[in-house]
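Visitor: Mind looking over this structure? Questions follow.
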Amino acid sequence: MASGFCSLALTVTTSLFSSHAITRRVLPILRWRSSSMSLSPLRHSRALSAATTVPISSSFTWDDVIETGRAEYNSSDLTGFFEKINRCNRGSEKLGEFIPFVIEEQIVGYIHKRFTEYLREFHDIFTFSQNGSCPDRVDGYVTLNLMLQKPEDRTRAVADVIKILGDKGIIPGIRNELYPVKPSFNAPVFFSLERAAAPYFGIKGYGVHMNGYVERDGQKLLWIGKRSLSKSTYPGMLDHLVAGGLPHGISCGGNLVKECEEEAGISRAIADRAIAVGAVSYLDIDQYCFKRDVLFCYDLELPEDFVPKNQDGEVESFKLIPVAQVASVIKKTSFFKANCSLVIIDFLFRHGFIRPESSGYLDLYQRLRNRDCS
């Protein structure tokens, strides 16, 4: 196509998420030499230090949460909310360290240039194209071998690579859960990728987050969960009543019902009352990881006598807390898992806890969706 890679160069540097097709090139089919994956100790150590994110843990208690929330909520001061949004949108100055990951002429992700060193070893799976017409702007792109035409073939081939990289500790925390790889939510799925590998390939990730609330004596209260200390990610931190990533092959509504049962013991009859209220999005770059997430937000008003009961062992306990107190905790602490704060801030807008009279109101609202929400 005429737009090709030269026009893409401007896209990568100034407007990362514009949809530009990339001219298809005939790429050589080379043999995959898996034995060449043996890395020198120095190189392997350096890769791990750059690629592994240390899980966040917290030793605070519910008493700490309640004590923090007791301070009077000041709806006019939005500073703490901006800080939480910034926490989920780090690393924009590092965009130049990544190159596009392309399938069928569509950008589906972004891969760190140094991480591509591992992928170059798998010659039958990944191919690399340089942009000869404007090399000063773009350092080429990564794609899959043209022999891999079917989604299921791509899924199997890439899964073999991820297993090797996972066994070597280069991609930690393998979950055996597949995420769809596609340029946008309603686009066709090009293949499926192990969830733990998603940020290393910079693919779009989707999730469902539900605000479970109760109205009592004219006051709104939110059910908040505290993650189990055995969780591999964000152990012991505060979380939504129900939240989860969106795997391949299940709808948002279907996944929400499943998560409601597993995480809080909410029956389908009650879960079906949840209302889809929008989405938030963010982009977080941390070393080799490039997270482009869209979270679909739901509200569910629960009966006053409802008490959640975790079924899958991933939640330590729950607490019903007035919304104004939850807002204060988000403002003043880092007790919440970072992306949960965004969904609750959106809830605060919709339920009148953040008002137009507050300085920065529109800026804050816009920044909840200031990345590619598609």
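Cβ coordinates are placed from backbone N, Cα and C, and glycine is handled just like the others.
A quick note: this is a predicted structure, and the numbers were derived from the prediction, not measured.
Pulled the feature table from Swiss-Prot, pasting it below:
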- 1-49: transit peptide (TRANSIT)
- 205-346: domain 'Nudix hydrolase' (DOMAIN)
- 244-265: motif 'Nudix box' (MOTIF)
- Glu259, Glu263: Mg(2+) binding site (BINDING)
Visitor: Relative to the Cβ position of Glu263 (Mg(2+) binding site), how many further Cβ atoms are located within 10 Å?
Guide: 24
Visitor: With an 8 Å cut-off on Cβ-Cβ distance and a minimum sequence separation of at least 6, pull the same-chain contacts of Glu259 (Mg(2+) binding site), or say none.
Guide: Val208, Met210, Val242, Ala243, Gly244
Visitor: Looking at the motif 'Nudix box' (244-265) alone, can you tell me the average pLDDT?
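Guide: It averages 97.
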